[in-house]
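Annotated in TrEMBL:
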TRANSMEM  12-32  transmembrane segment
TRANSMEM  44-73  transmembrane segment
TRANSMEM  98-122  transmembrane segment
TRANSMEM  142-162  transmembrane segment
TRANSMEM  189-213  transmembrane segment
COILED    261-288  coiled coil
TRANSMEM  305-324  transmembrane segment
TRANSMEM  366-396  transmembrane segment
TRANSMEM  408-428  transmembrane segment
TRANSMEM  488-512  transmembrane segment
Amino acid sequence: ATLAAASSELPPGWCLFGLALLAILIFSWVYVRKYQSRRESEVISTITAIFALAVALISSALLPVDIFLVSYMKNPNGTFKDWADANVSRQIEDTVLYGYYTLYSIILFCVFLWIPFVYFYYEEKEEDDGNTCSHIKTAFKYTLGFITVCAVLLLIGAFVPLDIPDKKNSTEWEKVKLLFEEFGSSHGLTALSFSISSLTVIGMLAAITYTAYGMSALPLNLIKGTTSAAYERLENTEDIEEVEQHLLRIKSKCRDGRPLSSRDRRTVQQLEEKLRTLRRRERHLESIEKSWWTKFCEAIRPLKIVWGVFFIIVALLFTVSLFLSNLDKALHSAGFDSGFIILGTNLTNPLNMLLPVLQTVFPLDYILITTIVMYFIFTSMAGIRNMGIWFFWIRLYKIRRGKTRPQALLFLCMILLLIVLHTSYMIYSLAPQYVMYGSQKYLVQWFPSLQMGGQLGNVFRSLLYVNEPIPIVYQCTVTRTYLFLHKFWFFSAAYYFGNWAFIAVFLIGLIVSCCKGKKSVIEGEVDEDDSDMSDDELSVYY
């Protein structure tokens, strides 16, 4: 009842959150249906991909909601609102924490059980025409490896102590008892945090590979646009005529009954395959040239340029802020053994300066954080779409409109789930105090040496030098996100080095994207390994 009364005091954000949830589900359905192959689509893989993509987007929305809730419980003068007493605050914190528990548990379930099982099931189904039971058994056998890894991570996180006792004469039983006491006191938070942090490291590698490139490729592609369909069609027609003439010259050698040499036969085979590809390109270009969607895209070309400029500004703001934040850690942190954690901010970055200014006008700061999170997700999608899915130097799958295999969509959604986990730490690296406390202020009348009414980040370093009890922990509420970020120092150290790698890949991708010319209007739509049956669905997309 108390929580319900408190909820009545909250702005109509919960209704907006419900609408956002519905929008996420609709977007996930449209996105998956747009890229999946119509000839190879399967109900289970489609539902799995839609569900996993929705979970990824919902999880990314938790950070702005978490920051908003801890900020809304306090007045601008630093006092708690009338309804936000200790019990209500604790209930709201627990509700958000349970939301993280639920979504992170679903992510573990998707990454270690559901997605691998569906993937291996369809792999077996393609390779073997046996019955369904044998496919399920084989898929589950392979999935057991992922389940074992998940169980090991949970056990390590649950029973490896974070604080090693100093008592040298403690017995083995006392040490074991301490492990179970720590596990009980954390309510499984440490176990879940270790598992999620392990996946976050993998998500960091995916973000370095795909997101960093997508942040440079997406804006520049919008600015540069694509080549003209009419011009490409003219060039393609010339290529067709050239290949046909080459074929006629080779085939004219056997008019007198002499057989072609093995070299000529190989050349004829290659030219015929190239001719089939060029004719498929011709059909695609003809469909695009007559498409209403092409005419609409040409009409909104100025808007695309504006969006491209906006996205590149956001990318540069993000990168410069990340560089200054990492430089601050390199110069002023306690070093590798502490995970490069610093208290306070010594080098301000543009984002850290912008957020306090936007806090004065509700809800501009939340709009900015939400924009950065969503931009991070959509540039990840763009990076995966442009690069495809790779395993080291081996290209496994391509992401193409209307022609993406079910296994590729499952891989895409799994990669997005892992990248979303890393998003929270990226935002924390940019604005640590804001992610921890939002826009909360606190009263400092207990400290005669300090001035009244400062932001938490502005006064935090000064408090370190005050020899009086520090009541911040009782005056300000920490976001639940922070509880998952700094349980283990070695993960924080890995994230620190990962941020440097992210910046380097972004700069390399920016240079490569600037040097590349315009993309083809049918980029990735036609490949030599496509069958002619793939052209039967042209009307669906154009």
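Counting begins at 1 with the first residue displayed.
Backbone N, Cα and C atoms are what each Cβ position is placed from, and that goes for glycine too.
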Contact set, same chain, for the transmembrane segment (305-324): CB under 8 Å, 6 or more residues outside the stretch: 215-216, 218-223, 225, 347-352, 371-372, 375, 379, 426, 429-431, 499, 502-503, 506-507
Surrounding residues of the transmembrane segment (44-73) on its own chain - C-beta under 8 Å, 6+ positions past either end: 10-11, 13, 17, 20-21, 24-25, 27-29, 31-33, 36, 80-81, 84, 89, 92-93, 96, 99-100, 103-104, 106-107, 110, 114-115, 118, 121-122, 363, 366, 369-370, 373-374, 376-377, 406-407, 409-410, 412-414, 416-417, 419-421, 423-424, 427, 434-435, 437-440, 476-481
Criterion met for the transmembrane segment (98-122) and the transmembrane segment (408-428) (at least three Cβ pairs under 8 Å): yes
Close approaches to the transmembrane segment (366-396) from elsewhere in its chain (Cβ under 8 angstroms; 6 or more beyond its ends): 31, 56-57, 60-61, 63-64, 67-68, 206-207, 209-215, 217-218, 311, 314-315, 318, 351, 354-355, 358, 408, 411-412, 415-416, 419-420, 423, 426-427, 430, 434
Residues from the same chain, set at least six apart from the ends of the transmembrane segment (488-512), whose C-beta lies under 8 A from its own: 162, 193-194, 197-198, 200-201, 204-205, 207-209, 211-213, 215-217, 220, 315, 319, 322-323, 325-326, 329, 336-341, 422, 425-426, 429
Average pLDDT across the coiled coil (261-288), rounded to a whole number: 83
